[in-house]
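Annotated in TrEMBL:
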ACT_SITE  Arg208  active site
ACT_SITE  Glu237  active site
ACT_SITE  His254  active site, proton donor
BINDING   Ser45, Thr66, Tyr258  substrate binding site
DOMAIN    4-280  domain 'D-isomer specific 2-hydroxyacid dehydrogenase catalytic'
DOMAIN    289-369  domain 'Erythronate-4-phosphate dehydrogenase dimerisation'
Amino acid sequence: MKILVDENMPYARELFSRLGEVKAVPGRPIPVAELAGADALMVRSVTKVNESLLANQSIKFVGTATAGTDHVDQAWLAQAGIGFSAAPGCNAIAVVEYVFSSLLYLAERDGFTLTDRTVGIVGVGNVGGRLQKRLEALGVRTLLCDPPRADNGDEGDFRTLDELVQEADILTFHTPLFKDGPYKSLHLADEALIRRLKPGAILINACRGPVVDNAALLKCLEAGQDLSVVLDVWEPEPDLNLALLDKVDIGTSHIAGYTLEGKARGTTQVFEAYSKFIGQAQQVALDTLLPPPEFGRITLHGKLCQPTLKRLVHLVYDVRRDDAPLRKVAGIPGEFDKLRKNYLERREWSSLYVQCDDADAATLLKKLGFNAVHHPIR
Ligand SMILES: NC(=O)C1=CN([C@@H]2O[C@H](COP(=O)(O)OP(=O)(O)OC[C@H]3O[C@@H](n4cnc5c(N)ncnc54)[C@H](O)[C@@H]3O)[C@@H](O)[C@H]2O)C=CC1
Ligand SMILES: O=C(O)C(=O)[C@H](O)COP(=O)(O)O
């Protein structure tokens, strides 16, 4: 059995070689000749999977180690009898921690307190839902917009996008990219929406580039609109608009989901799905794969205030470490993908064991996702 895996999928060789012969290949562009005789294809978001790639090939299963699936023509796979699995939620924690890292940086830079701000979350799924919980644990007011969930009768105080635009100081997008249909999200943030944002608002896009109309955003920023912007994703990728990068406050190379844990979960989820597909179902415990983190243990004295939380969050992951390298190489062909391929190891907050002498600090840090304990420190 021949299994093709994207070369940017940690632990793929280790796991898939339990099932057959593994060949690691680049995802953009994928070497089409390697598809010959292959039984399964494991991709990331950069590989377009459709009829033109797979017609008349031997592939029987496609896995994508990603949450988003807009690069995969699932309807064509289904009618061609090809099995499919994505990795829902694999990197949701990573995206939430990217958003927090960005907000805590902007709060320090601009001198505001997060608990004085209202955060509008557009798309309340794996990412948006976890973001809501962590923000609310911190005492930040959130407003939620998710028409598919609202129409489904899901529990929750769902508002219209218009209400969020009117009321939110921070608007953050976490929807899939739908190019059409009842829940079309292509250019959900168009020029009219961007213009109506509150003065001094923060706009974050860490889902898919085209959810925000990048040309319109640039137009508004060039016109001097009072708006801070965090973009992890671009329209288009990898050839992002350099003038826009120059205007945004934080710009990164589509790495919001790139914690080691997030990527490893993506690999294990598609591995488990494929092993089940071929009748050899098996489970993988994530902690048997992951190395020890760079920072293992820290003690925290006293209460948890915003500046302390910021220092703790940035000890694990400071988003500026990904902003600077993009500004340095953007526009050079191949460099956007190289930043992603050679991504410096990044861990999730849960990798940090925080011993607190204050019980409330420990409780809050635990709710936020740190591995925190209350323990009197002498
Ligand atoms: N930058 C990065 O590295 C990453 C980006 N993503 C992107 O973020 C998206 C969201 O990720 P998850 O939360 O894991 O997906 P999810 O599928 O768990 O949640 C998406 C939510 O968006 C809602 N939604 C759909 N259309 C909407 C619309 N038009 N308006 C408002 N809400 C809408 C859905 O009902 C759902 O609740 C993914 O589809 C992917 O494209 C995900 C992970 C990493
Ligand atoms: O999971 C998703 O959806 C993402 O956007 C991934 O984090 C993107 O990573 P790649 O698949 O492009 O490496």
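Each residue's number is its place along the chain shown, starting with 1.
Any Cβ shown, glycine's included, is placed from N, Cα and C.
Because the structure is a prediction, the values reported are computed rather than measured.
Neighbour counts of Cβ atoms within 10 Å were taken for the binding-site residues Ser45, Thr66; the minimum is at Ser45. Those residues noted as binding substrate (Ser45, Thr66, Tyr258) have their most widely separated CA atoms at a distance of 12 Å. Candidate recorded positions: Ser45, Arg208, Glu237. Those with a Cβ under 6 Å from ligand 1, in sequence order, are Arg208. Of the recorded residues, Tyr258 (substrate binding site) and Arg208 (active site) place their C-alpha atoms 15 Å from one another. Rounded to the nearest whole angstrom, the C-alpha distance between His254 (active site, proton donor) and Arg208 (active site) is 9. In this structure the C-alpha atoms belonging to Ser45 (substrate binding site) and Glu237 (active site) are separated by 11 Å. For the domain 'D-isomer specific 2-hydroxyacid dehydrogenase catalytic' (4-280), the predicted model reports an average pLDDT of 98. Taking the Cα atom of each, Arg208 (active site) and Glu237 (active site) are about 10 angstrom apart. Taking a C-beta cut-off of under 8 angstroms and a sequence separation of 6 or more, Glu237 (active site) has the following same-chain neighbours: Gly209, His254, Phe336.
Helix first, then strand, then coil: DSSP counts for the domain 'Erythronate-4-phosphate dehydrogenase dimerisation' (289-369) stand at 41 helix, 8 strand, 32 coil. Note on Arg208 (active site): other Cβ atoms within 10 Å of its Cβ, all shown chains, come to 25. Its Cβ placed at the centre, His254 (active site, proton donor) has 24 other Cβ atoms within 10 Å. Counting every protein chain shown, the Cβ of Tyr258 (substrate binding site) has 23 other Cβ atoms within 10 Å.
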